[in-house]
Amino acid sequence: MAEFVRAQIFGTTFEITSRYSDLQPVGMGAFGLVCSARDQLTNQNVAVKKIMKPFSTPVLAKRTYRELKLLKHLRHENVISLSDIFISPLEDIYFVTELLGTDLHRLLTSRPLEKQFIQYFLYQIMRGLKYVHSAGVVHRDLKPSNILVNENCDLKICDFGLARIQDPQMTGYVSTRYYRAPEIMLTWQKYDVEVDIWSAGCIFAEMLDGKPLFPGKDHVNQFSIITELLGTPPDDVINTIASENTLRFVKSLPKRERQPLRNKFRNADDSAIDLMERMLVFDPKKRITAAEALSHDYLAPYHDPTDEPVAEEKFDWSFNDADLPVDTWKIMMYSEILDYHNVEAGASGLEDGSVPAQ
């Protein structure tokens, strides 16, 4: 059995295996507290995320199970990877991942980014999205704080807790407003991988300009700001709006002409403007894909078609429509954790597949 040690972080009990030392708080989210720690086994710094009360409700248990499954499945240089997972004696779940020094939000609020950094960061975002989308996964909450960066400018997309299957009937508001695609605001349904491209376009604009492109105060204001720059959506897009109230609201707005992005981004390259215009398109089906963006002239300095992999297999979403009690989710989670350790043990050369001592 692994030996566990306890520490108090922000009034929260962290109960982790003795493999990890020197806990330091990094950040607090709605669903978990993240600390940095030293992995005694690898001598590397890692991030340890405690999932708060994962078994308190079926919704939270399912969300935790989904995040675990995604972290296990997604293996790519530009996506955060799982290095350990365990359940403490108090039945809290801890995800251990790579630790990167900062995130794009912190970088953007500290100083302007030079062109080569913007290109390299955007390239890595699109390279990661190409892989994620090929696995049948939509991130849904892409924003600067979910994009981690280290001192070598290596970039990794994180926080897949909200990610969902590519489903033509997706529902609800999920992503942070500034980066939210219009089809999420307008229809509450029928959205797909293209929402991540819109979010990436907003992040691209923010890297170029140093401030959010569409800083809406609420949903109505958000949509209004978007139309001030991009004009009124075309009729064929407006006619896809499912909600009658939303449809009435959009039709009541004054008609606006699209403004040239060049007017707003006067110092940007023509190729940067062209790529942004292809990302920030009202009609999702006319938006550039991640794979197409990688081939765009703006990303040419980094583009390597032989080193932009896709997923070997699609993610299995068969659990996602299940309405199960907490105890069932708990059993499924235990099974996934055992499977993870058995696979890792096998990869380490432990023939019997037993879980290595923590």
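Note: Cβ is positioned from N, Cα and C throughout, glycine not excepted.
So that you can see what the record holds, here are the features copied from Swiss-Prot:
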ACT_SITE  Asp141  active site, proton acceptor
DOMAIN    20-299  domain 'Protein kinase'
MOD_RES   Thr171  phosphothreonine
MOD_RES   Tyr173  phosphotyrosine
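When pLDDT is averaged over the domain 'Protein kinase' (20-299), the result is 89. A sphere of 10 angstroms centred on the C-beta of Asp141 (active site, proton acceptor) encloses 20 other C-beta atoms.
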